[in-house]
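**Student:** Got a structure here, written out as structure tokens. Questions coming.
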């Protein structure tokens with residue numbers, strides 16, 4: 001099974017992806033996580049450091065693909081999760097999306113795709129150009145990480161449009177939304193009323209999740225020394241269980257950009273008016 005995780009930049013995709021990968025490994029699956037971001041920090045909390053990228057290795061080998069072996073690009077992470085980082089071109093030069101495509105090409109040539117129960121692509125931000133959308137060509141399911149804010153849901157809507165487009169020619173479905181850092185979920189719920197998308201999990205705003213990123217550890221690893229964190233791990237295990245159950249998934253029908261602006265803006269305005277009325281009554 002292949003998963004592609006998308007969402008607005010800075011929304012917590014990599015932290016979420018790493019914890020989902022570990023949760024799947026805890027369920028007995030052999031997992032490969034592929035970081036598809038030029039920052040090459042997707043797998044940081046799995047390995048505890050920035051691993052060499054595909055691009056680094058290709059440069060060392062003068063781009064002789066035949067000289068590269070799986071152990072040159074695949075690194076072992078926490079809970080046995082294997083890790084790959086695509087990397088990217090120098091800042092301001094080249095195409096990061098092209099690198100993602102080359103990463104997939106190399107891993108297929110190494111027969112790495114056949115070695116795993118689960119392959120998880122953690123993809124750069126909300127960019128859905130051809131290169132960064134390429135993981136959708138291979139994925140069975142797309143998962144979108146969002147929060148309860150306007151910008152994240154706008155990005156989610158654009159990603160949903162990409163899923164719909166790719167589903168025309170590929171066996172791809174949208175598994176659902178993962179709400180991250182959600183002290184409230186009213187805007188997410190308003191959006192899913194208009195664009196029916198399953199909500200896989202709502203993760204509350206928890207400081208330990210942020211700290212885990214700084215420490216370079218998953219919540220599962222941190223919970224080994226702090227059992228009080230185990231309930232947080234259950235959120236990710238729940239997501240893993242839903243994915244392993246092979247949900248039907250959906251082909252989404254996104255809202256037009258202008259309509260989404262109106263929908264979410266009106267929601268905020270009506271909410272503000274309601275709060276003002278309550279204050280006046282008091």
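Cβ coordinates come from backbone N, Cα and C, glycine included.
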**Student:** Write down the one residue from 30, 39, 61, 166 that Swiss-Prot lists together with 10, 11, 12, 13, 14, 15, 180, 181 as binding ATP.
**Tutor:** 39
**Student:** Mind giving me a neighbour count for residue 14 (ATP binding site)? Other Cβ atoms within 10 Å of its Cβ, every protein chain shown.
**Tutor:** 23
**Student:** Across the listed ATP-binding residues, 10, 11, 12, 13, 14, 15, 39, 180, 181, what is the farthest Cα to Cα distance, given in whole Å?
**Tutor:** 22
**Student:** Can you tell me the CA-to-CA distance separating residue 12 (ATP binding site) and residue 95 ([4Fe-4S] cluster binding site), as a whole number of Å?
**Tutor:** 23
